[in-house]
Amino acid sequence: MVKYFQVLWSLLFSIMLHSMLLAAPGARVWWPTHGLIKIKCPYKKVKLSWFNKTVDPCPGLKQPICGTNFVTYDNPCILCVESLKSGGQIRYYHTGRC
């Protein structure tokens, strides 16, 4: 079971890293617009609605970010995972706490 989560975490991180590298600088899809880390979350391409666990692909990163569901997430990576789980219904709202 642990190996399964390690593989899933690695896959999610690779998807987000790949998206970060392919995005054009200054594109509006970056979450958040300012901060230590910005990601381009592929919520239109990747569906994780079947996944009901909480995963932090960026452990140790504290960069509060508010989602459109008015929940504060510890960092953009966690928000992206929640966005993938919701099929894109939860997205970036603003930087900082809600």
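Placement of Cβ uses the backbone N, Cα and C atoms for every residue, glycine included.
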Per Swiss-Prot, the disulfide partner of Cys98, chosen from Cys41, Cys58, Cys66: Cys66
Top Cα neighbour of Cys41 (disulfide bond) in the set of recorded positions Asn52, Cys58, Cys66, Cys77, Cys98: Cys77
